[in-house]
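Presented below is the structure to which this report refers.
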Amino acid sequence: MAAGTAQGVVKFLELIKFSHTVFALPFALMGAVLGLAVAPPQSWREGGWMLLLVVVAMGGARTGAMGFNRLVDRHFDRKNPRTALRPSVTGEVSVPVMVGMIFASYAVLVLCAYLLNPLAFALSPVAIFLVSFYSYTKRFTAWCHLFLGLAIGTSPIAAWIAITGELALAPLVLGLSVMTWIAGFDILYALQDRDFDLQEGLSSIPARLGVTGALWVARLLHLGCIGLWFFLGLHLGLLWPYWLGAVAGAGMLLYEHGLIGKGDLSKVNLAFNLNGWISTTLFVALLGEKLLRLLAP
């Protein structure tokens, strides 16, 4: 039985594409790094411990949210040719395993928040609600992509709060940039499900506005995202490594739209996976900026 449970857990991690945590995790770490810059820890050990808690909390939040999404959407996934072979549909991952993993993941999030500070702990139920409720938004609003962006956009804000115990403009700007970035590429990814959404009465920007309209909404969102990256750099007076990363990220976003062009879905997965490089580039650039300040005479 233990072997079966272990296999179910492995299949569950495959189901939720645990490796895709890399998409949003760098932005959460950016929020944490910015927080450490304004509220330095008493020691490197304390700072490392806080960063570890942020990473584990982020992993718990995403794992719980994706598991919840696969659980409540499995009946729709069964009808969609793109998702019909998901382990949640085929039975390779049972409902009890999914429920158990969801509760365990959210428990990890709450525990990490408790260990960080009282405000993070108090807000942890709000975070759980946001990342879970997204799964129902396609049932009643075409702007579900923005709600997904909102849910994930809270990660750098939460990381800042976890480190500093308070709120400020910088994490809000960073969170809003993540919101527009996520919403934009989720719209692009949803283009491949447009016909299915129309057939099943599900809401999405591609289903509501068509391919051309969806592309324009995604472009505007990503232009807003780039503008927010630049505003963040100006607001905090960040040095050239950050700006190099922001320009590189902007270039990758433009390339992402070039791949899909006028709705060519043959490269949608390539465009989607490019987002992992975008977030990592911005994070490495911010680390470079902080290292430059640290080494400056």
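Using N, Cα and C of the backbone, Cβ positions are placed for all residues, glycine too.
Residues 47, 50-51, 54-55, 58-59, 62-63, 152, 155-165, 168, 170-171, 174-175, 178, 182, 236, 275-276, 279-280, 282-283, 286-287, 290 of the same chain lie 6 or more positions beyond the ends of the transmembrane segment (21-41) yet place their CB under 8 Å from a CB of it. Annotated transmembrane segment per TrEMBL: 21-41 (among others), in sequence order.
For the transmembrane segment (47-68), the residues of the chain that approach it from at least six positions outside its boundaries are 12-13, 15-18, 21, 24-25, 28-29, 32, 36, 40-41, 98, 101-103, 105-109, 112-113, 115-116, 127-128, 131-132, 134-135, 151, 155, 158-159, 162-163, judged by C-beta separation under 8 angstroms. Summarising the annotation, TrEMBL assigns transmembrane segment to 47-68 (among others).
What TrEMBL lists as transmembrane segment is 89-109 (among others).
Same-chain residues lying 6+ beyond the ends of the transmembrane segment (115-136) with a Cβ under 8 Å from its Cβ atoms: 50, 53-54, 57, 61-62, 64-65, 68-69, 72-73, 106, 109, 144, 147-148, 150-152, 154, 158, 161-163, 165-166. Summarising the annotation, TrEMBL assigns transmembrane segment to 115-136 (among others).
For 143-163 (among others), the entry in TrEMBL reads transmembrane segment. Residues 24-25, 27-32, 34-36, 39, 50, 53-54, 57-58, 61, 65, 113, 116-117, 119-120, 123, 127, 130-131, 133-134, 137, 170-172, 174-184, 186-187, 190, 203-205 of the same chain sit 6 or more residues outside the transmembrane segment (143-163) yet have a Cβ under 8 Å from a Cβ within it.
Summarising the annotation, TrEMBL assigns transmembrane segment to 169-191 (among others). Outside the transmembrane segment (169-191) by six or more residues, the chain places 24, 27, 30-31, 34-35, 145-146, 148-150, 152-157, 159-161, 197, 204-206, 211, 214-215, 217-219, 221-222, 224-225, 228-229, 231-232, 235-236, 253, 256-257, 260, 263, 265, 268, 271-272, 275, 278 with a CB less than 8 A from a CB of the stretch.
Annotation source TrEMBL lists transmembrane segment at 211-232 (among others).
Sequence annotations record features per position, and here TrEMBL assigns transmembrane segment to 238-256 (among others).
According to TrEMBL, the transmembrane segment annotation covers 268-288 (among others). Here the transmembrane segment (268-288) has long-range neighbours at 20, 22-27, 29-30, 33-34, 181, 185, 188-189, 191-192, 229, 238, 241-246, 248-249, 252-253, 255-257, 259-260, meaning same-chain residues at least 6 beyond its ends whose C-beta is under 8 angstroms from one of its own.
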